[in-house]
Amino acid sequence: MEQPVDLHQRENTAPAESTDPPPRMTRQQILTLISVASVNFSSMICYSILGPFFPNEAVKKGASQTVVGLIFGCYAICNLIGSLILGKYIVEIGAKFMLIMGLFVSSICTILFGLLDRVPAGPAFITLCFLVRSIDALGFAAAMTSSFAMTAKIFPNNVATVLGSLEMFTGLGLILGPPVGGWFYQSFGYEVPFLLLGCVLLLMVPFNIYVLPKIDADPSKDSFFRLLTHVKIVLICYVIFTLSAGLGFLDATLSLFAIEKFNLSPGYVGLIMLGLSLPYCLASPLMGYFTDKYPVTRSWFMVTGGMATAIGFCLLGPVPFLHIPSQLWLLVVMLGLIGFSLGMTALPTFPEIITCAFERGFDDGLSTLGMVSGLFGAVWSLGMFYGPIVGGLITQHLSFEWAAAVQGGLAFLAVSIIIYIFDVLIVCEDGRRQTDENTPLLNE
């Protein structure tokens, strides 16, 4: 049985070891890095190719802006359900098996999605979009939940640093997906981007069967409900929700806005989306290293990043009451700000939830890490469900500018709650410390 580790003991011993040269990575760690990096890259490039051209293609097939948002949103809600269930039973299923099967399902669904242009327009096309996209989401949930949990298990003292480095490959997938998808769509039509990238994802299956190490662990009796009894964890979950809601909103609405407002082609829309993913890709390793080395800065990274995200969304349109005209250069700059702030805000959340779970007495094992990973994926998916649907509705009935302003308002609210709750937690911690110091005097 895996024994829980004293969190304070872990943190207190870390500085004493910092003067020694860093130990070389083991073979298991190297193989895990290679495997998870390949999963992050291939999964995200397949996920992100839809942005530049699918909304416009779906509208031609008879789908409204709201239905397009629902197609993006159903992916998120199935991802939410899958993350919670798979995160809970990761030990029983097996982390390696879960990751490999997730890749296989996602690759087949990507290929099938590329064949949907042969389906007649109207209800048949829309129904199959929902079906294939939902099954794809379950495969993606399996791959991401297991990869996050395995990374945290094998790199327990450098979670944010390793995740930050791996997010370079996530960012690279997000960077290459839109322009590659847009270019292939313009050059060869709807089918080729999905068929090509689905086959690339399928090749990752035998590669990871060979490369990925097997991790044995014991199941835990803890639950998600106990995890959510910690106020700080609930707060961090809301921060994660606001980030993913903003990204989901941009996935479903940005391409149509850019095409209509600036008369751009899908290929150029894919290049614009580089403004979002490239800063995130470059900032993630630095943010991860810094928050691992100085854990006390995690809350302030979330505050600063949340404020920058709010400003970015308010100026993305920009919001109508500012009376600033929409300009392409401003759109690209604000996307860059949102991408950079996403790295600041998102990376500290995962290790911070793990820290809170250990403080609540959860076992320091794969089962707990699977639940944390599942919770992270579920909350992220909830935001990805909310963002496209609510953003699509606001865009359809008002405008893209107002919908972006709503996303900025969510981020401002998250910043306000973070500042208030962390101040309360600091006051409570100081009061507890003073009580502990005064207890020996009272006993005397």
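Including glycine, each Cβ sits where the backbone N, Cα and C put it.
Here is what TrEMBL says about this protein:
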- 1-11: compositional bias 'Basic and acidic residues' (COMPBIAS)
- 32-431: domain 'Major facilitator superfamily (MFS) profile' (DOMAIN)
- 1-24: region 'Disordered' (REGION)
- 30-50: transmembrane segment (TRANSMEM)
- 62-85: transmembrane segment (TRANSMEM)
- 97-116: transmembrane segment (TRANSMEM)
- 122-143: transmembrane segment (TRANSMEM)
- 155-176: transmembrane segment (TRANSMEM)
- 188-212: transmembrane segment (TRANSMEM)
- 233-259: transmembrane segment (TRANSMEM)
- 265-288: transmembrane segment (TRANSMEM)
- 300-322: transmembrane segment (TRANSMEM)
- 328-347: transmembrane segment (TRANSMEM)
- 368-389: transmembrane segment (TRANSMEM)
- 409-428: transmembrane segment (TRANSMEM)
Query raised in the report: Most CB pairs under 8 Å with the transmembrane segment (233-259): which of 30-50, 122-143, 155-176, 188-212, 300-322?
Result: 300-322
Query raised in the report: Most CB pairs under 8 Å with the transmembrane segment (188-212): which of 62-85, 97-116, 155-176?
Result: 97-116
**Report entry** Mean of pLDDT values spanning the domain 'Major facilitator superfamily (MFS) profile' (32-431)
**Finding:** 79
